[in-house]
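Peer 1: Could you have a look at this structure, given as structure tokens, before my questions?
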Amino acid sequence: MWLFPERVYYLKNENLLISFYIECYLTITTMFLDDDTPHEESTVQPYSINLVRRLMEGNTKDEGIRVLRMAIKFERIDIIKILLEYGVNVNENEYYEEELTCYSVLHFAVDIGNKDIVSILLYAGADVNNTRCYLRNTPLHLAIQQKNTDIAKLLLDSGADQNITNENGNIPIQIAVTYNDEKMVNILLQYSPNLEIADYNGRTVLHNAVLDKNINIVSLLLENGALVDSKCIEGYTILLSSVNRTDPFIIKMLLHRGANPFFLNIKLNHIPLTWYCYCHGNSLSMTVKDLISSAVMISHIRDKVKLTPGFKINEDFTNSIYRFNYYKNLCEEEIRNMKIRRAGYKLTVFDFIKAGKQDDHNTLARCIELLLVGVNKNEFQIYGDIIDQYIKIGLYRKEQLDRVVNSLTSTITNLPYEVIYIIVEKMTNKELCEIR
């Protein structure tokens with residue numbers, strides 16, 4: 001098989017190709033004349049067309065892809081187009097013996113960072129999901145390593161599969177998280193990757209983002225549905241494995257998203273709270289505060305008289321920590337105060353929060369004003385953030401309800417206001433927003 005068949009030798013592009021071939025000093029170290037005498041590459045002159053032609057004809061197996069690769073290296077789009085017209089196979093990988101790996105021309109173009117060349121190769125049929133590369137990286141993996149968002153979007157729009165793992169078990173978005181590339185993560189999330197594919201350690205994208213302490217990326221992943229209680233190979237949940245290694249604010253985010261503070265790792269014989277205490281002694285920090293408050297709150301909402309077996313197993317250990325028990329008592333005291341203080345409609349502050357946990361937003365909306373007046377935030381320092389969270393939910397719900405009810409009251413005059421209000425309460429926030 002000839003790289004350049006005889007029928008195209010006389011095309012006007014031949015001299016351009018030959019000149020380029022010599023000019024770039026391709027990977028050939030020696031060339032041979034008729035007598036098989038080696039001549040150094042530097043002795044070849046631009047007019048030695050016959051010599052170069054013989055070289056190409058005598059080594060046709062991989063010269064086409066080599067010339068194409070060199071054209072990509074020098075970003076010669078004119079040469080690339082000519083080679084593609086001649087039928088050079090864009091999916092033929094060039095093997096590098098010293099690296100024991102292959103490298104497609106699409107990988108190479110992505111590595112160089114030339115979007116136009118990448119686009120040309122994709123149009124010519126280059127495999128966008130080619131994994132014949134170092135560590136079985138796809139072109140998308142490389143684009144993310146280069147932090148090239150334009151090429152990443154081009155590959156995604158061309159059908160790049162975000163769920164292909166490399167030899168380390170990393171899908172492309174794992175690479176973006178490792179590089180703390182928030183912009184790239186944002187782009188990748190728009191194409192709906194599977195966030196639960198784990199790497200070789202069994203860690204999901206969220207798991208690694210939490211350990212990397214990147215608050216913004218953690219928030220993005222949570223907003224896009226990443227599971228908060230996935231487990232790694234060792235059987236640790238995200239909360240358990242990161243509680244003593246990440247930012248305290250991230251711990252709070254995980255807890256607010258429903259991370260289980262009671263998860264017991266049998267091998268460790270710890271739940272997140274006791275594991276944190278074990279690692280940090282009796283230090284009292286925001287992390288301990290959030291863990292205890294969430295644990296106590298959940299235990300009361302679920303009508304649990306005592307803590308879960310995870311705490312019981314470590315009871316002797318936890319009871320020996322004075323500051324831990326002191327803070328635990330503060331949490332429980334605030335719970336008792338919440339059960340006493342009324343927020344209106346015969347509901348206590350605790351009932352209000354419990355309603356929020358159950359997504360009963362109508363209850364929140366009905367007593368929101370009295371709650372705002374009646375709650376003394378100085379008395380609820382520990383659970384202040386939780387109360388504020390549901391106040392925002394209640395305010396938004398009430399705003400939507402009032403707007404729609406007032407609108408309907410002006411047109412429906414034969415029904416009492418309260419009846420209209422009850423009817424409107426049956427609607428979801430999305431349905432309310434659609435009514436103008």
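Any Cβ shown, glycine's included, is placed from N, Cα and C.
Per Swiss-Prot, the features are:
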- 409-436: domain 'F-box' (DOMAIN)
- 63-92: repeat 'ANK 1' (REPEAT)
- 101-130: repeat 'ANK 2' (REPEAT)
- 135-164: repeat 'ANK 3' (REPEAT)
- 168-197: repeat 'ANK 4' (REPEAT)
- 201-230: repeat 'ANK 5' (REPEAT)
- 234-266: repeat 'ANK 6' (REPEAT)
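Looking at the shown structure, what environment does each listed feature sit in?
Peer 2: Proximity of distant same-chain residues to the domain 'F-box' (409-436), defined by a Cβ-Cβ separation under 8 Å and at least 6 residues beyond the stretch ends, is recorded for 361-362, 396-397, 400-401, 403.
Helix first, then strand, then coil: DSSP counts for the repeat 'ANK 1' (63-92) stand at 20 helix, 0 strand, 10 coil.
Long-range Cβ contacts of the repeat 'ANK 2' (101-130) within its own chain (Cβ-Cβ under 8 Å, at least 6 residues beyond either end) map to 65, 68-69, 72-73, 75, 77, 80-81, 84, 90-95, 137-140, 142-143, 146, 148, 150-151, 154-155, 158-161, 164.
Mean predicted confidence for the repeat 'ANK 3' (135-164): the pLDDT average there is 97.
Secondary structure of the repeat 'ANK 5' (201-230) per DSSP, as helix, strand and coil residue counts: 16 helix, 0 strand, 14 coil.
Across the repeat 'ANK 6' (234-266), DSSP assigns 14 helix, 2 strand, 17 coil.
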Peer 1: Over the span of the repeat 'ANK 2' (101-130), count residues by DSSP class, listing helix, strand and coil in order.
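Peer 2: DSSP classes over the repeat 'ANK 2' (101-130) add up to 17 helix, 3 strand, 10 coil.
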Peer 1: Per DSSP, what is the helix/strand/coil residue tally across the domain 'F-box' (409-436)?
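Peer 2: Taking each residue of the domain 'F-box' (409-436) in turn, the totals are 15 helix, 0 strand, 13 coil.
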